[in-house]
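Peer 1: Once you've had a glance at the structure underneath, I'll fire off some questions.
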């Protein structure tokens, strides 16, 4: 008899029997009545879902869109309810879902390669091809937004920003590097209001992240709001008193006489006048990078210096 593993929580716990977790494409059916009186008839509507069982025993389900790729918000279903209402569709995954995902991912990869070599219009085309399959795909939206920012096209970049700020998946840990690049590039394009709104949206979803607080402080400084800048820098240093980028930023503010006597951490002042750009004496805020941040990108190429400490969402 197989051993049983039990996960303790506030409920009775989930009993596992050694079976693999549920994962794959499943379907549900709903019956709807169409028409009235003698012309009334029943129709069966089939909905496809991408599902994955979680550690707590519940099952995360995400609908497939009209192009049959997972898209839109996820929700959790109790395991017993799932087993009652959902039916496996392995053949449908092989024949329909996998080819659609492969086509979309291929377009995104091509877009990323075009963007890396500066071919902005080719990158735009590929990202748009991917978004024609799934307009809410986070990688494609980030890629297209970054392409517009590379070109200095603030109008189109703002359209992408409006979409991204409404997608909770855009703030997931797996997208933290894209998230960071997008925020930095908005700030470089002087889209300070959008960058700040973007980071404040992240603050609603990610609690007590020192890198996020640092980036918010940076945006407030660019907007000329020193008090809010200091407030978020102190929040950053409260979470991580040794965060180098925030310590350097505080030293810069201190050097400009923007910090009161005895206020904040005791660091040597740095920087003389002007905004906190790379050329400021004693403090290079734009070149600040956490030691834990990879020195190479996902493709193994040397990573360009970030203009502020990278946000960490994990």
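Along the chain as shown, the residues are counted starting at 1.
Any Cβ shown, glycine's included, is placed from N, Cα and C.
Copied straight from TrEMBL:
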REPEAT    210-243  repeat 'TPR'
REGION    263-314  region 'Disordered'
COMPBIAS  270-281  compositional bias 'Gly residues'
COMPBIAS  287-296  compositional bias 'Basic and acidic residues'
Peer 1: What average pLDDT is reported by the model for the repeat 'TPR' (210-243)?
Peer 2: 95
Peer 1: Can you count helix, strand and coil residues in the repeat 'TPR' (210-243) using DSSP?
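Peer 2: For that range the per-state counts are 27 helix, 0 strand, 7 coil.
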